[in-house]
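> The structure that follows is given in the form of structure tokens.
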Amino acid sequence: MAGTAPTLEHALRAARGRIAAEDAELLLLHALQRRDRAWLFAHAADPVPADAASRFESLIARREQGEPVAYLLGRRGFWTLDLETTPAVLIPRPETELLVEQAAVRIPADRSVRVADLGTGSGAIALAIASERPQASVVATDASEAALAVARANARAHGIRNVEFRHGDWLSPLAGERFDLIASNPPYIAAGDPHLRQGDLRFEPESALASGSDGLDAIRTIVRAAPAHLLPGGWLLLEHGWEQGEAVRGLLRLAGFVDVATERDLESRDRVTLGRWS
Ligand code: GLN
């Protein structure tokens, strides 16, 4: 075997001793500039080109240091969309699809309604809603220009034209405007929560994860400001942590929202609380 380039299968087997098997496959495909897992297995006996082998080695080394796969690939799937995902944005998560589902059932498909997404990050929520409801006009805000650049690139890549991106905190870029529905996946982890120092979270923007001593600072800000930006009967939908359902329902009721309820994610955990402004 001396002098023979290792095959894809050899390279994968060696990597599996260092990182998770599934991650190894995704990173090898990325190093080979391919997307399709089936291709990998059909070509298992092919030699790995030298440039791909060195890219693969550096991706494995970064993964060993804990860098999230979504950042190494620069992409993550959300809803029906493949989204550019950089360290400037929170990695889109499957549980957030519940927020999109709950928004979509409250947005009629046959007329133009106004929707806002606060703290859009990669644009995941705004773009998923906009693609499901092409007649809606969506405004997405973010305090980070770097995040907005990613979100705008994602809108362009998917040819989604019914989202307008604006720079600023939560509802501040919406002065004087009212919406039929406002959705947000704000930061909701308590500052100092040990999870912030584990796994993918170590590499994500802290401003997208943590929010004050009980994790509810951003949610309080949004709940306080939202009524001035909702049309009569308009909905506010908030993602939150699985132990925060009761607290968020309390905040919404105190602010005067009605029909307040919490929806559970696929793991049966409280995840999205919503209320109507009457
Ligand atoms: N759901 C994320 C987590 O717990 C947190 C995202 C957020 O704070 N919005 O990892």
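Heads up, the Cβ atoms here are built off N, Cα and C, so glycines get one too.
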> Going by the S-adenosyl-L-methionine site in TrEMBL, where GLY119, THR120, GLY121, SER122, GLY123, TRP170, ASN185 are listed, which of the candidates ASP142, ASP200, ASP214 is also part of it?
ASP142
> Within 10 Å of TRP170 (S-adenosyl-L-methionine binding site) (Cα to Cα), which of the binding-site residues PRO186, PRO187, TYR188 do you find?
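Taking PRO186, PRO187, TYR188 one by one, the ones whose Cα falls within 10 Å of TRP170 (S-adenosyl-L-methionine binding site) are PRO186.
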> At the Cα level, what's the spacing in Å between GLY123 (S-adenosyl-L-methionine binding site) and PRO187 (substrate binding site), rounded?
15
> Tell me which of the binding-site residues GLY119, THR120, GLY121, SER122, ASP142 ends up closest to PRO187 (substrate binding site) in space, Cα to Cα.
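Considering only the listed binding-site residues, the nearest one is GLY119.
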> Would you measure the largest Cα separation among GLY119, THR120, GLY121, SER122, GLY123, ASP142, TRP170, ASN185 for the S-adenosyl-L-methionine site and round it to whole Å?
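Value for the max Cα separation, rounded to a whole number: 15 Å.
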> Less than 6 Å between Cβ and the nearest atom of ligand 1 is the rule; apply it to the binding-site residues THR120, GLY121, SER122, ASN185, PRO187, TYR188.
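Close enough to ligand 1 are ASN185, PRO187, TYR188.
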